Amino acid sequence: MSSGLRAADFPRWKRHISEQLRRRDRLQRQAFEEIILQYNKLLEKSDLHSVLAQKLQAEKHDVPNRHEISPGHDGTWNDNQLQEMAQLRIKHQEELTELHKKRGELAQLVIDLNNQMQRKDREMQMNEAKIAECLQTISDLETECLDLRTKLCDLERANQTLKDEYDALQITFTALEGKLRKTTEENQELVTRWMAEKAQEANRLNAENEKDSRRRQARLQKELAEAAKEPLPVEQDDDIEVIVDETSDHTEETSPVRAISRAATKRLSQPAGGLLDSITNIFGRRSVSSFPVPQDNVDTHPGSGKEVRVPATALCVFDAHDGEVNAVQFSPGSRLLATGGMDRRVKLWEVFGEKCEFKGSLSGSNAGITSIEFDSAGSYLLAASNDFASRIWTVDDYRLRHTLTGHSGKVLSAKFLLDNARIVSGSHDRTLKLWDLRSKVCIKTVFAGSSCNDIVCTEQCVMSGHFDKKIRFWDIRSESIVREMELLGKITALDLNPERTELLSCSRDDLLKVIDLRTNAIKQTFSAPGFKCGSDWTRVVFSPDGSYVAAGSAEGSLYIWSVLTGKVEKVLSKQHSSSINAVAWSPSGSHVVSVDKGCKAVLWAQY
């Protein structure tokens, strides 16, 4: 390398090596400098002694020569001289031996020092490697520390932001809590005033009805009194024959002729006032019942005498609502069809022939409808809603009669009890509530522990299907769970067979199960390769005679299973383009209706 290059021109690693060598030289020179100086002095002495030894050796050879040259010298002097030379040689020999000894020691010391220096070099290299590793670790730790400081700053800023937001939310919450308290008080006051006004209105209505009744009674009494003054011919088809049925002894065997003649005799011998009172009592008793039951709806043996036909053809496809349709139900007489959707309305349709004609709409709900049910007479319709309430309308005039509020979550199912005077509702707030329609209040609240998706009722038992995969059986009188059954999936729907001895359930594991309520055991399980439960509120239904079960699938097909064989009886498809939410089978057994998540409803029949 050229001597003209400066130190700065060398690479960094060369400069580093040079600095390390100079540093090592400074550290090690102080320790070995004195030894090296002494060693050099000893070498100089050794060289001097070597020269002296050579000189003495030369003189040793010269002495005999001088004796040979000058044999006449004095012998005594020569002996003395020889003794001195011998002593001097012995002395030099000892000094030489001592010097050789010291030289060996110094050589050994040099070897030891060299070994020690090599060990120190290795230690220094190891230390340098450790130092480099430590420096790298320090660099990494400094980088990590810098990152952590950055993250800490970010977290502190985020924490401060969250704290500010929390303080703001706390202030807002305090203000809203005050407003809520004030609004609650105002609402309570308004409810109190509203109840008082309703009571006054009811009293006024009752008074008007009483006045009308009195006027009708007075007019009727007047007309009957005028008619009683005229002679009454005895005819076999006279309506006064009803009195005979009420006053005659039922244990006595009488013929129709004897009954009629006895009625005529009693009528002729009876004063006008008694006859008038009897007729008035008859008409009065006829006007007592405010909830008449149509004769075609009375069925002492549910499902008996009904011809159920498995549907095979879509008779009518129509858009039932503006959006998703969640519920569908036939009236007890199979004449009316009710549908409920997310457009907050319940719509009534009249089924005749192969058509469904729109009859009217029931409004008043503030959110989507989740379930629908008619009472046993078909006069009232009950609907549950996502606005935390259930509502009752009269079917004849489409008027909203009752609004049942009290749940803190959306009401997913509401059903009439068999007496039609009480209602059970199940909600997403994990409670079931029992309502009395006479007093229009909630008389019982039961905490179920899980969101309730559907409800069915018997005389004294309420069965509820829940999100936690359990079916719970409640005793209405004791408000306690009689028993519960856990399935493999979340329960979406329940239904009872006509005899109310078997319970049909649908769950999110895509299985339908029939449970025998007498043995509390699963009797049958229905499934199909293409069947899939589409939502947490997919409804299923028994046929009116309990021979079939029907359910809609997520891909839009309607599946019908035979209870007798346990196999799929029919699969109806190509009409729905989205998941089927609910299915209803008409009480007459001739029609089936399915509704989907789109807006469609399909009327199915056998022909």
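Glycine too: its Cβ is placed from the backbone N, Cα and C atoms.
Region 'WIPI2-binding' is the annotation Swiss-Prot gives to one range among 183-206, 207-230, 567-590, and that range is 207-230. Record check of SER269, SER480, SER594 in Swiss-Prot: the feature phosphoserine is attached to SER269. Considering SER46, SER287, SER527, the record held by Swiss-Prot lists SER287, annotated as phosphoserine.
Between the repeat 'WD 4' (447-484) and the stretches 320-359, 364-403, 532-573, 575-607, it is 532-573 that has the most C-beta pairs under 8 angstroms. Helix, strand and coil counts from DSSP across the repeat 'WD 7' (575-607) read 0 helix, 18 strand, 15 coil.
In this model, the region 'WIPI2-binding' (207-230) carries an average pLDDT of 78. Here the repeat 'WD 2' (364-403) has long-range neighbours at 291-294, 297, 323-324, 326-333, 336, 338-346, 348, 409-416, 418, 420, 423, 425, 427, 435, 437, 440, 454, 537, 539, meaning same-chain residues at least 6 beyond its ends whose C-beta is under 8 angstroms from one of its own. Cβ neighbours within 10 Å of SER139 (phosphoserine), excluding its own Cβ and spanning all shown chains: 10.
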